[in-house]
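What follows is a short report on a single structure.
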Amino acid sequence: MSSPHGGARYEPFAGFDSVGGGSGRPPAPDARTVGLRAWIRDLALGARFAAGGGREGWTRTALTAVGVGLGVALLLLTAAVPAMMHTRDQKRVAREPSSAAYIAHPGASTLLSEETGTTYHGDGITGLLVHPEGPKAQLPPGVTAWPGTGRMVVSPALERLLASSPLLRERIPYPITGTIGHAGLMGPAELYYYAGSDQLVARDSTYHHGNADRIAGFGAHSNSAVMGPTFDLLLIVVLVVLLLPVAVFIGTAVRLGGERRDRRLAALRLVGADIRTTHRIAAGEALLGAVFGLLVGALLFLVGRQLASHVTIRDISAYPGDMAPNPALTVLIVLAVPIASIAVTLAGLRGTTIEPLGVVRQGVGRRRRLWWRLLLPAAGLALLAPLFGKVKGDVSLNEYQVAAGAVLLLFGVTAVLPWVVEAAVGRLRGGPVVWQLATRRLQLNSSSSARMVSGVTVAVAGAIALQMLFHGVDGDFVSSTGADTSRAQAVVNGEVGDSAQVASYVRSIAAAKGVSQVYGFARADATRPDASTLKRDETTDYPYLPVDVAGCPTLRQLARITSCAPGSVFLVPPDDDPYVHGDYVKFVRPGGLVDLNSPDSGAYHGKARLWRIPAGAVTAHPLPQPSGAQEWGVLATPEALGKAALSTPQAQITVSVDPKQPDAIERVRNAVAAFGPAVRMYTLHDTKEKSNYIQLRRGLYAGATLTMGLIGASLLVTMLEQLRERRKLLAVLVAFGTRRSALAWSVLWQTAVPVVLGLVLACAGGIGLGAALLAMVGGPFHVDWAGMGAMSGIGAGVVLLVTLLSLPPLWRLMRADGLRTE
Amino acid sequence: MTAATEPLLLATAVRKAYGPTAALDGADLTIRAGEVVAVMGPSGSGKSTLLHCLAGIVRPDSGEIQYRGRELSAMSDGERSALRRSDFGFVFQFGQLVPELTCLENVAMPLRLSGTKRRPAERQAAEWLERLEVADISGKRPGEISGGQGQRVAVARALVGDPRVVFADEPTGALDSFNGERVMRLLTDAANDTGAAVVLVTHEARVAAYSDREIVVRDGKSRDTERVS
Amino acid sequence: MSIGHTLLGLLESGPRHGYDLKRTFDERFGHDRPLAYGQVYSTMARLLKSGLVEVDGIEPGGGPERKRYAITDAGITDVATWLAQPEKPEPYLQTTLYTKVVLALLTGRSAADLLDSQRAEHLRLMRELTRRKRDGDLADQLICDHALFHLEADLRWLELTAARLDQLAAEVTR
Ligand SMILES: Nc1ncnc2c1ncn2[C@@H]1O[C@H](COP(=O)(O)OP(=O)(O)OP(=O)(O)O)[C@@H](O)[C@H]1O
Ligand SMILES: [Mg+2]
């Protein structure tokens, strides 16, 4: 064992003939010559530290892995979103009837189809009435056999829904002959059916006089709606705001146990580890945590994906198989997370020198400098500033510039935070014991507390900015419909033969239980009396003069009418649209002639069907309709028209239901469904939003929930780790006779102080970013104080909750044999 | 001690200040191969600082420290780390063991850092643990053993790399006199066997009595009994 | 404890009468046992004979008690040697050591050096005992330990004195 050194060891002057050449013994292999082996050894050693070290070490690594894993799962989910969207889009397009060109005659592969949607208890149900005209007609995706006439194939979710709701079964009564497979559905919760029908009549070349389209098959090429640069801006900012806290969080997670690690590395320095070796060991530790984190993240993602298939968020569901992370992004995550964790670890070590005697913090005694921290947000602002006022119309946005600017601005908040905490805490002295304990601890190591709340800070700042932006651009995407939902809840319209048919529709709707009021009229168009003599080509302008036909009670709903009897006619001038007003003044007057054969597209067809407006027609003022529209033109009782035939009259029925009968609207839908596919029903809403914008908002809410949950989890993890690191001190304080409640309060203060500072900073940063974003879209500066309060409140609430959750472990730590450590 | 032996460590006029306090104010001393030197002096006199300077883990403000003729402060961190691995061993009062590693792994660490493979390194470490009568705890972690056992593990670790100098700072400070003397005995015996010099900082006379001679540090100045005589 | 060396040391600060010497000695060292006149004069006579002191003068009025003694160069060397010579470590040494320390302070010599060499002497003996303990049987070990603990106690006292030298010097030279 005590292998004697070479005999020369004990001789005088041994080794001194080689002064400068080092020891006379075989030289210790140095880092350069060992190279790769040293790397592997040190990384393995670091991994050993991360994995070994008893319960303590395991717990810390597990916490890190869970922390990183949560972040990775969220990243993977995000990486799956583009593919998911793509798959959904593809599936959607694949089942859309292809309508490249009008097909006049049935062929071997043509089919007739008509979409017939309905809504049941707020869930949208899509149905397609189909009728194959030839043996080679293409089946829709996911369907293996045509449903026979009067039968249908349904999605599994619809099958379940039908089985459980007789009311809906009444509306969709067809016997079920099969189910639609994955290929034909966007998600497991989708409600979809294909029903065979022999009632379908192909529309003519002007898309009139029929109730179905003749199509060549399924699979259309549709380009999705372009939303413009403001939408892109929103999308980018949403992604930044959701993902940045995740990045910050991963950075925090891999730094867990930093103090212990520093002590450990110092002990290794003493037995001869050089600085590079300690860095490699630290890298190894971080690497193992990150790799475990990746595994945990992958697991969480896979499990979550399975669970997600049972969850429907606002009509959106997805098959697990469709949520496949983009391979390139996955590779990026798998590489970036370990590399980033090593980079964060090494960056954290840069400010400190691990010396054999312990850790020398170079920052000690020297105050943090502010200027480079301010450089970050300044740089972010500099990137965004050139775009001020430019984001509108069709300009294409430089996504990278926006993303980089937003990221820098938000990162600036986290960079400034440690300085703010240090500057603020440095002045605190005195106070009660609990306060003193908390502030002194913060003074000693303010950066770890600052780091702990930086995730919350970024999230809140981002949310505030987003809220400001959303608020500022709401007008672009949400428009008021003018509908008065207190007066009516639905309108029904569709092609009818004549006004008598409208009256029968109104009667059957009125018969449905829960309907409180219903009225309807037949709307037809008229045009100038000499229309048939004008040059018949596409450029001829035919004035549009609406003629609404209904009984007196209905007419009273449309205009201010004093007396009405069968045969009455009223003339309602248009609001103040100068264009139609001119036509109205010219052709609509008592005793005037109009042509009821109005051309509905381009050229005039057929012969004129002239009708003279009775000389007794009275001018009346319109009444605003629940749908938000105002009727104008000729309001006539059926008797006034006599035998004159209307051309393509449309039913316009307004329905109000008893709000106390929740199923009333469903019964109306059932009644309307019986009228056939040509008649549609719409429920009324106060506002109308563009659907992509809605999706984005929903995504934001879902993402924000996830992010806040994640941050809460991260806080808990860091808090527990901090408590573990301070276990000895806590034990000493308990030994002194410090009351536990006092310690709990000091822990709370210790968290609360940075949180409050962080939230103040978050508000400032959020308003700054929000103002910059608003300036980009040219919106007026506006601070949503309520929203800001809510966001800060949520942030503070998360911290409070986490502190409360960390109390039981704190109790346990203080009770246990805390004094015996190391 | 044989005065003819060339000094292993030679310190001349070493000064080190921490801010306004001068921890070392002109310390001189000589350590020769194989001797056990006690460094004594009142608390705060600079004993530990002197030891750290001699071992190259604290850089003096001025003065020279030569190890085998080479100036320590002229070496790079890598060279000094290599020196700690191959030529020096350390035993401190506490806290020098890595809490995450078992005792066996702690002892094997200097060898592994010098590039020895795990198995031979651990075999050698096990032999040392046996020699220091703590073979039974080799699988335990430092948190699970007594202070005396911990010091013996530390001694084993200090000696496993076959060092030329062992630096010991209050190695028995936390032990009772019986255990303290046992540790001292094992340390000096083992050092004698391997021919390592021991620099022993202590304020306990009975511990210092295990030395060959003593050096007194007072107010940052050292008196080397060898130089005085 | 050597009265001769002590009196010699006291003379280093200047010539004195025999009565003066006794009074100073009693003040500083003879707390519980004042020096007898007879002992002073017999000691001085011996020192005179060995040439370590000389008679500096005689006060008018005659009589042996009025002689003024002064230290010679040989006497100074003798004091220095005595002070530098560590005492053989043994129990109850402190009276001698205390005297030596005070004298060193009085005569402007380094009391710290004195304590250091005494410590070295103690340690030398302790090393010897430790070595014997290492090689001996249990009985040897126990005996050696007893001695070691006593020596350690002395050493502690030495340390304590060393730590308070400045304080002591201030009192002695006041
Ligand atoms: N890292 C440091 N920072 C500031 N001052 C220090 C530091 N290390 C030591 N000192 C100071 O230097 C002086 C010498 O300290 P040192 O630790 O060397 O004393 P010591 O002789 O080992 O004392 P002890 O016997 O109590 O261990 C002391 O005044 C101490 O306060
Ligand atoms: Mg010390």
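Glycine residues also receive a Cβ, built from the backbone N, Cα and C atoms like all the rest.
Those TrEMBL annotations? Automatic predictions, nothing curated.
Annotated features in TrEMBL:
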- A:236-347: domain 'ABC3 transporter permease C-terminal' (DOMAIN)
- A:704-814: domain 'ABC3 transporter permease C-terminal' (DOMAIN)
- A:62-85: transmembrane segment (TRANSMEM)
- A:233-254: transmembrane segment (TRANSMEM)
- A:286-308: transmembrane segment (TRANSMEM)
- A:328-349: transmembrane segment (TRANSMEM)
- A:370-388: transmembrane segment (TRANSMEM)
- A:400-421: transmembrane segment (TRANSMEM)
- A:450-470: transmembrane segment (TRANSMEM)
- A:699-717: transmembrane segment (TRANSMEM)
- A:755-777: transmembrane segment (TRANSMEM)
- A:789-811: transmembrane segment (TRANSMEM)
Take the transmembrane segment (A:755-777) and find every residue of the same chain, 6 or more past its ends, with a Cβ under 8 Å from one of its Cβ atoms. 230, 233, 237, 377, 380-381, 384-385, 387-392, 402, 405-406, 409-410, 412-413, 416-417, 420-421, 424, 450, 453-454, 456-458, 460-469, 472-473, 783, 788, 791-792, 795-796, 799
Give me the stretch from A:233-254, A:286-308, A:400-421, A:450-470 with the greatest number of Cβ pairs under 8 Å to the transmembrane segment (A:328-349). A:286-308
Looking only at the recorded stretches A:233-254, A:400-421, A:450-470, which one has the largest tally of CB-CB distances under 8 Å to the transmembrane segment (A:789-811)? A:450-470
Stretch among A:62-85, A:233-254, A:286-308, A:400-421 sharing the most Cβ pairs under 8 Å with the transmembrane segment (A:450-470): A:233-254
When each of A:62-85, A:286-308, A:400-421 is checked against the transmembrane segment (A:233-254) for Cβ pairs under 8 Å, which one has the most? A:62-85
DSSP tally for the domain 'ABC3 transporter permease C-terminal' (A:236-347), helix/strand/coil in that order, comes to 90 helix, 2 strand, 20 coil
Can you count helix, strand and coil residues in the domain 'ABC3 transporter permease C-terminal' (A:704-814) using DSSP? 100 helix, 0 strand, 11 coil
